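The structure appears right after this line, and notes come after that.
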Amino acid sequence: MSLKPSFSKKLNPDGFSPLHLALLNNRVETAKRLVKRDPTLIRVPGRERIRPLHYAATINSVELLAEFLVSCPESIEDLTVCGDTAVHVAVRNRSANALGVLLGWIQRTNNQEILNWKNEEGNTALYIAASTNQPQVLRLLVKNVNNINDKNSQDMTALDIAMSLPAEMNIVIKKYLRSAGASRASSLHRNVSLADFMGSQERIVEKIVRCDVYMRKGQAREMCNALLVVAILIATTTYQAVLSPPRGLKQAEITTNTTMTGGNTTSKSPSSDRPGTVALSLETFNPFLYLNTTAFIGSVGLILFTIQNSRYILLLQVSIIFLMLS
């Protein structure tokens, strides 16, 4: 390896690298030295794209498995030609100790989504545990999967798979699955296919998203600028309309009444009824206020929507919100 490091990644005619052979022949110390020299050897695909990490999970070698994961954390994401992860391999080979190490690593590195990965047959590790009647393994997996009612390529859930087993075999598995909230596929909502989605009528939310995507494209920049100008004009007009409503505000009307009483002069200067209120009647002003406010909020929302990619978006948003509140 010192003279020719690339030899350590060469495969023999049977499709095995030196690290694969060390694992197959139980040469633990040799495997450790190889990995210490070059951790990337853990990701070298052999026959059927099986990696050394998969072999370690197959033979239930927990010490090597833990060392492989620490030396090359990315190897947990490697797949075989059948789409199996190391978790799939450990469950299929009933390597309970190896599975415990893998689950511990996945939890500590926050990679729980790997437990939801499906192989080429559409099965997760949970489905394999259910179909091979491994109650204790299934009990560990149900605590970590996100969607226990996800379906495989045969449109079956984990509970459906368990129900297909002989009655005397599936009692414990059904208990664990149901306690975790598992359901049969027949009781779940039917998944909408791509063809059904394309054939359905476009909803308002989809139109908004489509508009957003279109506006983010370079060719829509002129349209974006035009919308921004129109929105600013509407916001300015509606804001000014509130400050100066139609027909203005009532003014105080000062009248002077002079009364002569015993040679004394008394002057009264009463003000008009509620000066400063709108001159329009409430029946006319309320609809104006509602419509004007709606137009103002809509234009401000359009402004925020249009400038969302600006460098100073946070400052602009705060300023506009304060303007609305004022």
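From the backbone N, Cα and C atoms, a Cβ is placed for every residue, glycine too.
TrEMBL entries are annotated by machine, without manual review.
The feature compositional bias 'Low complexity' is assigned by TrEMBL to 255-266.
As annotated by TrEMBL, region 'Disordered' applies to 255-275.
Look at TrEMBL and you will find 14-37 (among others) tagged as repeat 'ANK'. On the 0 to 100 pLDDT scale, the model's mean across the repeat 'ANK' (14-37) is 91.
If you look up TrEMBL, you'll see 121-153 (among others) marked as repeat 'ANK'. Sequence-distant contacts of the repeat 'ANK' (121-153), counting only residues of its own chain at least 6 positions beyond either end whose CB sits under 8 Å from a CB of the stretch, comprise 82-83, 85, 87-88, 90-92, 94, 96, 99-100, 103, 106-107, 112-113, 115, 159, 161-162, 164-165, 169-170, 172-173, 176-177, 180-183, 185, 188, 191.
If you look up TrEMBL, you'll see 224-242 (among others) marked as transmembrane segment.
Positions annotated as transmembrane segment by TrEMBL: 288-307 (among others).
If you look at the repeat 'ANK' (14-37), the same-chain residues 6 or more away from its ends with a CB under 8 A from one of its CBs are 1, 7-8, 44, 46-48, 50, 52, 55-56, 59, 61, 63-64, 67-68, 71-72. Listed as Cβ neighbours of the transmembrane segment (224-242) (distance under 8 Å, sequence separation of 6 or more from its ends, same chain) are residues 215, 289, 292-293, 295-296, 298-300, 302-303, 306-307, 323.
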